[in-house]
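Okay, structure first, notes after.
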Amino acid sequence: MAGPSPVDSFYATFPRLKSVLYRSTSILAFILFFLTYQMAILEFLIDEQEKGVCISAKNCLVYKSVDVQPLNNSSLPTNSTETSTDPVEKVVLILVTTHTVCMLLGTLILGLAADASGRLKTLLASVFVIFIAGIASSLAFHFLWIFIFLRGVIGFAAAGAIQITLILVAEYVSSTHRPTLLSFFWITTTLAYMSAAGLAYALQNIQMFILGMTLPLLLTVLLWKFAPESPRWFLLNSSSDEEINEAHVLLERAVDERQRKTSKFRDCLSMWRKFYTPPNVESNNRCFAFLRRKDPRRKTIVLAFAWFSLGILYRGLNISSIQLLPNFYANYAVREIVHLLGVALFFFMVTRIGRRACTVLSMMFAGVFCLLFSLASREFLKAERHAVTLVIQLTGRVCMMASQASLNLYSIELFPTVGRCSAVCLVFSFAYLGEALAPLIMKLQLLTQAVVPLGVMGLLSLTTGFLCQFFLPKTKGREIETFEDSTEIDGLKERSPKFYRRRTTNRRSQQVEMTESTENTVNDARCDEDAKLRQSWEVSFDRVSQTSHWEMLSYEDAKRKTLSISSHQSFAEESHILSEEDIDKLALNLRSTTWILAYSTFQHGMSLNTLYHRVREVETPVLLVVEDSNGFVFGVFSPVAPRIGPDKFFGVGKSFFFTCKPKFEIYPCSGKNNYYMTGDNTNLAFGCSEGKFGLWLDSELYHGRSTACDTYNSEMLSATEDFICIGVEVWAFG
């Protein structure tokens with residue numbers, strides 16, 4: 001669900017959480033570094049074979065195993081070279097096929113295990129398997145078939161473990177910090193490939209190479225002691241008070257014993273539990289059951305195609321890469337340096353234009369440069385052809401790496417916590433399928449033209465960009481914990497069931513005729529306090545009933561359509577704070593029949609600057625609603641929208657305070673003073689008497705204060721003078 005981030009709230013309240021986060025992510029980065037080594041081992045075996053490096057080094061496992069011995073030219077027939085390499089090519093094909101199939105299966109199975117049993121447990125088990133199989137493969141490298149089997153086991157465990165590591169670190173923090181952390185982890189993988197090239201060059205011994213890359217995984221025991229499980233996953237999958245308490249223990253590591261006794265800590269835990277404990281989530285992640293839903297199924301298909309295209313592009317560029325330096329290992333390291341530029345491009349774009357735009361642009365630019373590279377390879381670009389081809393290929397690599405990092409972040413944020421590992425691993429497995437098919441696509445140049453393989457890859461990347469743009473929503477600033485929450489992210493709101501509203505008007509009232517387009521019915525929404533925070537917009541049609549005289553819209557929907565009663569379709573927007581009874585009572589004091597949601601912490605994050613930005617174009621009166629941690633609901637009606645005023649106080653006298661819970665009360669303007677509203681980047685306040693505000697909110701919309709106020713002759717609106725905000729909404733009127 002999009003809303004106030006308990007992670008950010010813990011950051012603001014308990015700075016020590018950052019040190020816990022740094023320690024946990026550092027351990028995970030260390031593990032990821034050596035997990036990447038395991039993937040690099042097979043890449044070097046294959047690339048050394050294709051480039052002929054292992055022939056000169058005379059330390060190639062495949063050549064030793066198939067017993068290919070160089071013979072004198074006098075004893076060889078004319079086609080002896082081709083005959084001698086045929087067994088080697090078959091062995092390489094078997095090795096690659098086995099490893100790819102195992103990686104694909106491992107990604108799928110371990111993704112399901114991580115959602116069912118926990119991210120950390122699955123990761124620890126995978127690393128343990130990798131360690132045992134890695135040591136065994138270094139000892140059995142002379143025995144080809146045993147070695148192939150062991151590398152398949154490693155591929156099975158490593159492929160899933162890498163994705164689980166990235167998902168785990170993404171779930172430690174809110175969406176604001178994910179680009180930074182994931183950029184750091186992608187840099188870690190790139191540095192791992194670069195250092196692997198240096199080790200391979202220095203050792204020139206396969207056995208020592210594998211052993212040296214595997215032994216450091218023994219330090220994974222640090223994960224068990226210092227790295228916590230994902231609190232999001234733990235709380236979402238808690239089925240008893242004991243498990244919930246255990247999840248709270250994970251959070252208690254962030255603060256010392258003195259801070260645990262404070263009310264701030266209890267409030268933070270209470271808010272965390274409210275947002276991350278929806279009912280009946282255990283049934284959503286069993287064996288890809290989420291594919292039965294229309295919205296997750298559409299996302300899965302588009303992302304699977306995107307990863308498939310990216311896998312083909314990655315392997316295709318590696319096969320057709322230009323040799324920059326005469327030394328194979330130095331050339332490999334330079335190629336990875338180019339990937340660092342791709343990570344930098346990803347971070348620059350994703351923090352400025354968002355996840356979807358970054359993914360779309362990087363994929364489309366990668367496709368364009370791939371097409372140009374194919375044309376340059378056929379001498380269509382003749383001026384300085386070699387230099388042009390080199391620049392085009394390296395630029396395409398930068399875009400390809402940026403798209404890989406961006407697509408990974410985008411995939412993680414598109415799927416909810418309850419099924420994130422299984423869903424992300426499912427779509428990512430198509431990347432391995434693409435890598436497996438890339439050599440076959442590259443062989444099309446033997447049957448057609450040299451431009452065809454790279455042209456196909458470029459067109460696939462361009463198609464991916466268009467599909468992501470038109471079929472996937474934006475995710476920046478959104479937190480999705482359940483599959484119900486995933487339906488409310490903007491742009492593509494799943495209607496389950498679908499209702500088409502046709503408005504008919506007469507002189508007295510407006511009636512809403514609702515025609516159900518499916519045979520399913522909607523279960524009654526839970527009325528307890530926690531469920532209210534989790535309800536998705538898909539049950540919000542209850543807000544527009546046949547007896548209602550008001551209509552609720554999102555701010556974006558209101559801008560896309562005219563606010564005419566004759567509109568054929570309206571998009572209902574649910575308030576996470578106000579009940580229908582509250583709205584009916586407030587509507588008696590308001591003239592408008594159309595409510596427009598301009599800002600909500602449940603959708604746009606906890607930030608006063610975001611609130612100012614969202615209401616900057618609002619020219620109608622606004623209703624600001626607050627709910628505190630004790631369940632009190634209150635707010636203020638103002639004829640002017642909140643803004644950073646030129647004077648200390650501004651506004652007009654037609655405003656009023658109100659309370660909805662525990663009782664409904666209206667406090668109209670008293671006329672004793674004109675201290676209606678004041679605001680800047682640090683706080684927003686309404687009403688004032690004797691130097692104290694009637695309602696005050698801080699810059700994070702997290703802490704608030706309310707006192708008795710002469711401006712409205714009001715009592716204290718909240719349960720206590722200082723309170724914690726559960727949510728804030730600003731409604732405009734049409």
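Heads up, the Cβ atoms here are built off N, Cα and C, so glycines get one too.
Remember, predicted model here, so these are calculated numbers, not experimental data.
Under the heading compositional bias 'Polar residues', TrEMBL lists 507-522. The domain 'Major facilitator superfamily (MFS) profile' annotation in TrEMBL covers 24-476. What TrEMBL records for 564-734 is domain 'TLDc'. Sequence annotations record features per position, and here TrEMBL assigns region 'Disordered' to 503-522. According to TrEMBL, the transmembrane segment annotation covers 20-40, 91-111, 123-148, 154-174, 181-203, 209-227, 300-317, 329-350, 357-376, 417-438, 450-472.
Outside the transmembrane segment (20-40) by six or more residues, the chain places 123, 127, 130, 134, 154-155, 158-159, 161-162, 165-166, 168-169, 172-173, 181, 184-185, 188-189, 191-193, 196, 213-214, 216-217, 219-220, 222-223, 226-228, 253-254 with a CB less than 8 A from a CB of the stretch.
The stretches the transmembrane segment (329-350) and the transmembrane segment (91-111) are not in mutual contact, being linked by fewer than three Cβ pairs under 8 Å (pairs 6 or more apart in sequence).
Listed stretches 154-174, 300-317, 357-376, 417-438, 450-472 were compared with the transmembrane segment (91-111); the greatest number of C-beta pairs under 8 angstroms is found for 154-174. Among 300-317, 357-376, 417-438, 417-438 has the largest number of CB pairs under 8 A with the transmembrane segment (154-174). Panel annotation: around the transmembrane segment (181-203), residues 25, 28-29, 32-34, 36-37, 40-41, 44, 165-166, 169-170, 172-173, 209, 212-213, 327, 329-330, 332-333, 336-337, 339-340, 343, 346-347, 401, 404-405, 408-409 of the same chain, lying at least six beyond its termini, place a Cβ under 8 Å from a Cβ of the stretch.
Tallying C-beta pairs under 8 angstroms between the transmembrane segment (450-472) and each of 300-317, 357-376, 417-438 places 357-376 first. If you look at the transmembrane segment (417-438), the same-chain residues 6 or more away from its ends with a CB under 8 A from one of its CBs are 96-97, 100, 103-104, 107-108, 110-112, 114-115, 119, 122, 159-160, 163-164, 167, 171, 230, 232-233, 236-237, 276, 281, 284-285, 288, 290, 296, 300, 303-316, 319, 408, 411, 457, 480-483. If you take every residue in the domain 'Major facilitator superfamily (MFS) profile' (24-476) and average the pLDDT, you get 77.
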